[in-house]
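Enquirer: Right, I'll just put the structure down here and ask away after.
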Amino acid sequence: MIGCGACEPEVKMAGGQAAAALPTWKMAARRSLSARGRGVLQAAAGRLLPLLLLSCCWGAGGCTAAGENEETVIIGLRLEDTNDVSFMEGGALRVSERTRVKLRVYGQNINNETWSRIAFTEHERRRHTPSERGLGGPAPPEPDSGPQRCGIRTSDIIILPHIILNRRTSGIIEIEIKPLRKMEKSKSYYLCTSLSTPALGAGGSGSASGTVGGKGGAGVAGLPPPPWAETTWIYHDGEDTKMIVGEEKKFLLPFWLQVIFISLLLCLSGMFSGLNLGLMALDPMELRIVQNCGTEKEKNYAKRIEPVRRQGNYLLCSLLLGNVLVNTTLTILLDDIAGSGLVAVVVSTIGIVIFGEIVPQAICSRHGLAVGANTIFLTKFFMMMTFPASYPVSKLLDCVLGQEIGTVYNREKLLEMLRVTDPYNDLVKEELNIIQGALELRTKTVEDVMTPLRDCFMITGEAILDFNTMSEIMESGYTRIPVFEGERSNIVDLLFVKDLAFVDPDDCTPLKTITKFYNHPLHFVFNDTKLDAMLEEFKKGKSHLAIVQRVNNEGEGDPFYEVLGIVTLEDVIEEIIKSEILDETDLYTDNRTKKKVAHRERKQDFSAFKQTDSEMKVKISPQLLLAMHRFLATEVEAFSPSQMSEKILLRLLKHPNVIQELKYDEKNKKAPECYLYQRNKPVDYFVLILQGKVEVEAGKEGMKFEASAFSYYGVMALTASPVPLSLSRTFVVSRTEVLAAGSPGENKSPPRPCGLNHSDSLSRSDRIDAMTPTLGSSNNQLSSSFLQVYIPDYSVRALSDLQFVKISRQQYQNALMASRMDKTPQSSDSENTKIELTLTELHDGLPDETANLLNEQNCVSHNKANHSLHSEGAI
């Protein structure tokens with residue numbers, strides 16, 4: 001600097017020695033301070049000293065303008081441009097190797113040669129240790145009270161020989177950072193400045209021209225000679241003097257190639273993770289099931305997966321090893337791109353967890369069969385690639401853990417699985433009940449399903465098989481009935497209803513006779529017998545009914561067998577199907593809850609057919625009365641329930657004159673009394689043959705055939721429509737009308753044998769031809785109004801003794817009226833009274849003229865005792 005005596009006389013030096021006076025003054029100030037304020041002065045000296053010098057020079061007026069001979073003062077460095085590899089961190093510059101960095105130099109008289117006064121060293125500035133300081137005393141002085149020389153100037157940082165000036169107070173220099181040595185991750189360098197401008201003029205090329213602290217060109221007292229040519233370099237006394245050079249960030253691969261590899265590895269990671277869950281979740285048992293009963297696509301998938309899945313441990317080791325290798329490589333590549341900080345952790349976690357774990361496992365958990373089958377070639381490839389490592393480990397696992405069997409369900413688990421999956425499977429409720437019942441068969445005993453003894457229908461062994469007993473058996477609806485003697489628990493025999501097929505109730509056969517003849521074996525079982533064992537016994541065909549007993553050892557005395565109830569095959573089947581089997585004879589829906597069955601129809605009451613001797617003149621059995629009643633109600637439309645109630649029909653059949661007998665006379669086969677119907681003779685009654693044979697002659701051709709029991713005739717006599725029979729109509733019938741009326745297309749239905757429905761008339765023309773001569777001679781007796789007359793065109797003659805039903809039109813009409821009254825809602829007393837009055841009119845009513853005419857022509861006289869045909873007059 002130029003001389004400045006007013007401010008600092010000791011600092012006046014020539015040429016390059018002015019810069020060296022600054023540290024000397026600072027060191028003198030340090031020695032004059034107390035130990036307590038030493039640190040503060042030390043921190044402020046380096047920054048405030050240049051400013052004090054400048055203010056001193058300007059204030060005293062002794063400082064000259066800056067010129068070419070003015071010394072350069074360097075205050076500090078700052079990083080000009082910051083980026084990913086060059087930045088400020090904690091007051092130090094952090095740069096990367098193999099880079100060029102621009103630094104801004106701050107100071108006074110910055111010129112084009114300032115770059116040559118800056119250097120860096122690898123050695124850190126020496127600091128006093130606590131042991132070198134006195135406890136409570138002042139710090140030991142610096143060596144010879146001079147500045148510290150820099151160590152060897154490093155060659156790793158090269159100062160490029162140019163500077164960009166800015167107002168002589170700052171400039172921009174550029175440095176080049178060379179590569180670090182091997183095994184070095186980072187390295188610290190420290191700023192040094194020279195006391196003179198190197199290689200500049202006579203006074204600056206070799207050494208300092210003045211002395212500092214009484215020493216000559218040897219440099220700072222107490223230090224070895226300067227190592228760099230003849231220039232003295234000292235540590236820069238400031239805070240921003242440290243530069244940290246870090247390792248250059250290198251990518252393992254080019255960036256674009258790394259992105260491709262990362263994407264591929266993410267896909268492989270997801271595949272391994274998904275296959276690990278999807279394939280290992282498919283146990284061998286499930287794959288076999290799918291192979292046998294899945295869809296065609298599922299069968300194909302299972303067939304491709306099953307050989308690989310059979311080697312479970314080998315597959316598991318291959319998938320896990322591949323997954324670990326892929327994830328490790330992926331982590332390294334992501335770390336190389338994102339770095340090793342928090343960003344790298346977040347990126348790696350998101351990439352692996354979301355795209356490598358969550359997404360593929362969510363897909364494979366639902367579509368593992370399809371994904372595993374479509375990627376089976378990749379699975380086999382990686383199993384081959386990892387064979388050296390995964391196969392030995394898998395064999396070790398096989399030896400330690402044993403063979404993999406798969407998921408096996410016992411009865412309880414299978415039943416619970418069906419219940420839990422009920423909303424999602426296609427089983428209907430009945431199918432599910434049957435499956436549950438079959439699975440629970442071995443867990444239940446016969447005592448759980450048996451019918452208790454008190455609720456069983458049983459018959460005493462002393463019973464007589466008359467109509468009352470057999471009716472009771474039929475009404476019970478059971479096919480196998482236990483027979484007891486004395487107490488109900490003493491079951492000695494078994495009666496099958498089919499055993500009564502050849503039993504006549506009129507014979508009053510003792511029950512013991514039937515049971516001893518058939519001698520059905522009794523089957524006893526204990527109350528703890530399982531239902532599956534009971535079903536096997538029933539399947540052997542020994543019996544479909546078993547008697548349940550238990551050993552009673554309660555109380556005093558010897559143990560004995562106690563009968564609890566009976567169990568049937570139907571009970572076991574009902575337990576399997578979880579539903580009650582009801583037929584038309586069941587009384588209860590369940591033999592335990594005793595819930596009544598709601599029958600849609602009235603139950604048949606066989607007691608109505610139990611007749612007394614005084615009710616009928618002709619003795620018939622209750623069975624025949626029942627058969628006759630059912631035949632008329634079902635086969636003859638005129639007596640169907642829609643026309644006449646069954647109760648009224650039964651009362652009609654029980655009237656004394658409805659059922660009649662006719663004794664056949666062998667000597668006089670064609671006597672008038674042997675004819676039930678004669679051709680062209682009007683009648684008003686219906687006939688049903690019960691026993692015997694008749695000969696029917698029908699048509700103009702006189703065709704003859706025989707008929708027997710349950711053939712009937714004269715239905716139209718009961719329901720014949722009114723026919724106009726006026727005298728004028730009778731005598732004006734022409735031959736043409738007769739022929740026209742007798743055309744083959746009109747209602748011709750000759751009588752049929754074998755109990756089939758017989759026609760009432762062959763043709764309307766035949767009836768007209770027959771009516772003309774008969775009614776023409778009786779025109780004085782008949783009115784010109786309508787007459788309900790039925791004229792058969794056939795003859796019915798007895799061929800043997802007959803027993804038949806004969807119902808007149810009047811009786812039928814009264815019965816119809818009684819049926820209508822029976823259906824009309826009214827009090828029961830008035831109803832029964834009116835019905836009885838109506839039925840009484842069947843024989844109390846006065847016959848009209850037509851009835852008298854019919855009676856005269858068809859009444860049969862009693863020629864022999866006990867061989868007569870009852871008069872067909874109104875009942």
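In case you wondered, yes, glycine gets a Cβ from its N, Cα and C as well.
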Enquirer: In Swiss-Prot, which of these is labelled N-linked glycosylation site: Asn112, Asn591?
Expert: Asn112
Enquirer: Identify the topological domain of Asp335 and of Ile363 in Swiss-Prot, and say whether both name the same side of the membrane.
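Expert: Going by what Swiss-Prot records, Ile363 is on the opposite face of the membrane from Asp335.
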Enquirer: Given the ranges 41-61, 314-334, which one is assigned the annotation intramembrane segment in Swiss-Prot?
Expert: 314-334
Enquirer: Looking at Cβ-Cβ distances, which residues of the chain lie under 8 angstroms from Asn112 (N-linked glycosylation site) while being 6 or more apart from it?
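Expert: Same-chain residues close to Asn112 (N-linked glycosylation site) (Cβ under 8 Å, separated by 6 or more) are Ile163, Leu165.
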Enquirer: Which residues, given as numbers and ranges, are at least 6 beyond the ends of the transmembrane segment (251-271) yet have a Cβ under 8 Å from it?
Expert: 322-323, 326-327, 329-330, 332-334, 336-337, 351-352, 355-357, 359-360, 375, 378
Enquirer: Using Cβ atoms and a strict cutoff of less than 8 Å, what residues sit near the topological domain 'Cytoplasmic' (272-313) while being 6 or more residues removed from its termini?
Expert: 319-320, 322-323, 326, 356-357, 360-361, 363-365, 367-373, 375-376, 379-380, 382-383, 393-395, 397-398, 401, 404-408
